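So the structure is just underneath, and the comments pick up after that.
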């Protein structure tokens, strides 16, 4: 064996300088980045797109939003009735070609009422969430950025507010003011912003000791630049997730208040009041409860799926923890 | 090592930074520091983790408000400056940070990161001028100019640290605090970054305070070395002198921990262990720590002695 190896080696042709060629590593060239440049948002979108569950939530939401905008108009064009047109000769009808979702006890079309109810729910949910966002970011931003005594006092105040049951506050408010869309949104936001402010406070506290914030301070950056260029953009992930997850909470709260009769008043429809209305005869006319109840569930599920997906997409490191 | 003039650029006197840790206790992170740095010089600052080196650096730049003492830059006490004057002063004093992964805002492009200081101090008249200056800086630290539109996560640790250096250089500073700029990097990249820092010092006449815990690297880059222990300076000397003739027991102990790249010598190396006196730097607010002062034992060689 050993001899074979030796003879093999000897039979190789001798190498000369001409057999080699320099690799010519250009240091500058090796530093070139070939990957397509993606902003943080594009990256997030790419990750979200690959998450089938979250995407199905997103698609469901888009469909529901379009349907709640167009649904009532479509029914009006096709059949000529709106959410309060009643036909006392056709009460409690089963779903049919004329009434796609059936009719209620006053002979009003359930298809129109379901989608215009969803519209109310979405408006309340999104408006309440956006107001929570505004107040929560400002209040939480001040707590987190200034810290110390300011933080202690403001945080205690929000804790006290949080300790009051929100249903109590809401019912009191709705007793004092006329129940209307605006009153419901006000009632929901009075305590709803607290959660957002705590999220923002925690993020800002965590981020403000990061070295890039110190670097910016060492260059002489002021409070405005630190907050709006460094701290809030980097806290945007958790803020967006909290925002997305607070919409279904507000929608459910609105439905719940409407169910109790404290929501928008008849004849305007709301998913919650429709469920309450259907309660009396649900053994005989189950579709009257089915459509609004299923829609509330789907809206909430879709927002929650999207919110979870966004959390994973915005911070991939959290996914496997 | 840069071209030194005799002038002191930085004079630190009695610098103190205490943190309240609750329960009436204070953490004396930096306790009575006294030293100066000559123009064009590199002063190394070594000590174990948690000895107050980084806090000292940040307090000198007034990123933390000091508990006491003064820092004079070219004779001006920076702690007495109004916010407006302090902002202008920040153009002269910059910092390079330890962790190249945490020191760059992940939502900024490289040109935003380097250009931020230009924006804050309105140093670029037009966007064209800004772009030109950013490209100049990228070139200065050995990065490609087409990296300007990239985001930090697309770079390696060494490249990121170069971006951090370019950012610090944007305002044409005279004095840069390098806060462990290489300790988070691969050994092969460390030399590159240190060489870049030395090259920049020669070209731009910079003065460095080089904070590190890698003793051999500090010896390589520094003209003089200060040793910190529990918030205090225990020894300060020319780097050759300090490494060949350490006097304070802590310095001896620290130097004995340097591994020798020769197996024969390394196997003979003995660690000198020192018993920590009086626990850590957390004390109750009124407790007196043992007073020491620096004594000049030979020209330029200062050692802390109890008095």
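For all residues, glycine too, the Cβ spot is worked out from N, Cα and C.
Per TrEMBL, domain 'ABC transmembrane type-1' is recorded for A:118-307.
Sequence annotations record features per position, and here TrEMBL assigns transmembrane segment to A:57-78 (among others).
Feature annotation from TrEMBL assigns transmembrane segment to A:120-148 (among others). Long-range Cβ contacts of the transmembrane segment (A:120-148) within its own chain (Cβ-Cβ under 8 Å, at least 6 residues beyond either end) map to 64-65, 68, 154-155, 158, 181, 184-185, 188-189, 192-205, 208, 223, 226-227, 231-232, 239, 242-243, 246-248, 250-251, 253-255, 264, 268-272, 296, 299, 303.
What TrEMBL records for A:160-177 (among others) is transmembrane segment. For the transmembrane segment (A:160-177), same-chain residues at least 6 beyond its ends with a Cβ under 8 Å from one of its own Cβ atoms are 183-184, 186-188, 190-192, 194, 253, 257, 262.
What TrEMBL records for A:183-200 (among others) is transmembrane segment.
The transmembrane segment annotation in TrEMBL covers A:239-264 (among others).
Beyond its flanks by at least six residues, the transmembrane segment (A:284-306) meets 53-54, 56-58, 60-61, 64, 92, 94-95, 101-102, 104-105, 110, 114, 117-118, 121-122, 125, 244-245, 247-248, 251-252, 255, 271-272, 274-275, 277-278 of its own chain at Cβ-Cβ distances under 8 Å. The feature transmembrane segment is assigned by TrEMBL to A:284-306 (among others).
Outside the transmembrane segment (A:57-78), and at least 6 residues removed from its termini, the chain residues within Cβ reach (under 8 Å) are 48, 100, 109, 111-112, 114-116, 118-119, 122, 295, 298-299, 301-306, 309.
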